[in-house]
Each structure stands twice: as structure tokens, then as C-alpha cells.
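Okay, so here's the structure we're looking at.
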Amino acid sequence: MQLDIYLYIIFSIFTLCASIMVISLSNAVHSVLFLILVFCNVASLLLLLGAEFLSFMLLIVYVGAIAVLFLFVVMMLNIKRATMGRSFFSIVPIGLTVFFILFNQLAGIFNDLNLFSLIQKKLIWVSWISESNNITNVQVIGNILYTKYCFLFILSGLILLVAMIGAIVLTMHQRTNVRRQKIELQLNRNFGGSLKFVTLRK
């Protein structure tokens, strides 16, 4: 059981460090790669907590689709490396303010929580999901999602449908100032209309 606690602390530190690298790097490609590392560490944390379904769904959806899409989009764009000049020092007061607020919040939490004492003690892990009717994580998520949150689930599906239709309509928009090839007119063109005699002046 102590090995799980050590792994949880290690993955938490890696997640925090990778998150800091995402917002501190000037190269966008490197930031996306560290974002993928953050998703992998969070998936490992969920796996240690016993939420296997959420862990693999996080890997499939975020790492397998969204993060790879971000990576390809950033690599295709011509993004120059940002120079760390006055713009960086201008956001230092805002960053220090946010850091001070978060530090005060975390200090109040760690006053009541001692991680080293938790490591030394033998904790007892009780999986209440397996104890109650011996159902899996997927069944619990399905029961809650399709019963209690069914309206929100349908609403999210409608929002995704509107976004998909909007993307299709935007791509189908034809511009009038662009020359396009009309294959039907080219195929219906005969020999008489393809040749023209022009008289040249001497």
C-alpha cells in the first residue's frame, strides 16, 4: 500500500512540473508535448485511484485525439518563437498575485494534512463501489449519466451537433472572387465553340 502512495506523490509532482512547463515554454510544440505528458500523468493518477475507465478514456480522448490534433495544428502553422522581453515582466505582478492566493489556500490545507505521517501509517483502502452490489466503474458512470444527468447528456450532444453543422456550413461557403473549374461546362463544350478565328491587323 505504501508503494501506491509513493507512486501517487511521484505522478503528482510530475504533473505539477509538466503543467508549469506548458505555460512557461516559448515554443508551442514543446508546450503541446508537455501537455500530453500532463494527460498521461493524470491518467496514471486516476488508475491508482481505481478509476480505470476514466483513466483510459482520458488517454483515448485527450491524448489520442485532442492533443495530437493540437500538435499537428501547431506544427503546420508558422509560429515563431516568442521573445522573452518586456511582455514577460509585465505579467509578473499578476503571476505573483495568483501564486500568493494559491499558496494561502494550499497552506491552509497542508496545516491539517501531514503527508509523511500518512506514509508511515498503514492505510486501509475500501472500494465502496465493489462492496455495493459488486458493480464496475463503467456501470456506475452509465447509471448516473443516463438517469440523473440524462438531460445534460442530451444537451451536450445537441451542442456538439450544432458545432459540427456550423463547421460544415463554414467549409461549404463558396467565395465569388475565386476562379473555380466547372467540369459540366467543359464536358458539354463542342468543337464549334472551342475554336475562334481572330483577324490580326497588319
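Placement of Cβ uses the backbone N, Cα and C atoms for every residue, glycine included.
No curator has checked TrEMBL annotations; they are predicted automatically.
Quick look at what TrEMBL annotates:
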TRANSMEM  6-25  transmembrane segment
TRANSMEM  32-50  transmembrane segment
TRANSMEM  56-77  transmembrane segment
TRANSMEM  89-110  transmembrane segment
TRANSMEM  151-172  transmembrane segment
Worksheet item: What residues in the same chain, six or more past the boundaries of the transmembrane segment (56-77), come closer than 8 Å to it by Cβ-Cβ distance?
Response: 28-29, 32-33, 35-36, 39-40, 42-43, 46
Worksheet item: Which residues, given as numbers and ranges, are at least 6 beyond the ends of the transmembrane segment (32-50) yet have a Cβ under 8 Å from it?
Response: 4, 7-8, 11-12, 14-15, 18-19, 21-22, 25, 56, 58-59, 62-63, 67, 70-71, 74, 127, 129, 137
